[in-house]
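Have a look at the structure below, then the notes.
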Amino acid sequence: MTESAGVKQLVGVADITENRNIWRMLVAEFLGTFFLVSIGIGSTMGWGGDYAPTMTQIAFTFGLVVATLAQAFGHVSGCHINPAVTIGLMITADISILKGAFYIVSQCVGAIAGAALIKAATPSDVIGGLGVTGIDPRLTAGQGVMIEALITFILVFVVHGVCDNRRSDIKGSAPLAIGLSITAGHLSAIKYTGASMNPARSFGPAVVMGNWTDQWVYWVGPIVGGILAGAVYRLFFKVRKGDEESYDF
């Protein structure tokens, strides 16, 4: 393989120019993130009274919608619907750089559309902050980054574990495992940072509301967590040829 061919393979030019399904994949990422953000932030709207949102309700809404979408779109694009997941999969060479970049753009546009729909469909006195994620005022931005990196690490690590194509021991539902990791992250960290775990999820409402406070935290934290999860899984835990398929209990 020539140096030029090697660079093209790493970047993934053929994934864009020769893959007939690339547009289906990008539309799937757009729609998946659209539904994630619209359904997810819909659960945070401040209706008040008996319909006031609770932490448990929000946590399970985000977890269940991701599990559902993974079943619906997983066979088309892998249903990343999260730049941190996409970047984590870049680290393990499961997706090329160029294809990953196109995925991330589709995810961000879908997130904006999802947030815009909820704003348009919700009474103005209920919208509140439109689910814009924010750091507890008692925390520093650095602490917010650490929390977001932590909970996103768990999410992306689970994605790698259940999507490892050399494993043959997975007996449960991979989408459910991913969804529950998101629910767990929310239950743990909503009070800290709003538990974004997903730059696109924070980006969409921020664009629609024009609220950029600490937005960088919701990019740096999840991306760092995704990169670390991808690197750790690839270095220490990815099933390789000749390895035992699973731990023998």
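Using N, Cα and C of the backbone, Cβ positions are placed for all residues, glycine too.
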Check for me whether Swiss-Prot puts C163 and R201 on a single side of the membrane. no
Of 27-47, 139-159, 212-232, whichever stretch has the most CB pairs under 8 A to the transmembrane segment (101-121): 27-47
Return the average pLDDT for the topological domain 'Extracellular' (191-211) as a whole number. 98
Taking contact to mean 3 or more CB pairs closer than 8 A (sequence separation of 6 or more), are the transmembrane segment (212-232) and the transmembrane segment (27-47) in contact? no
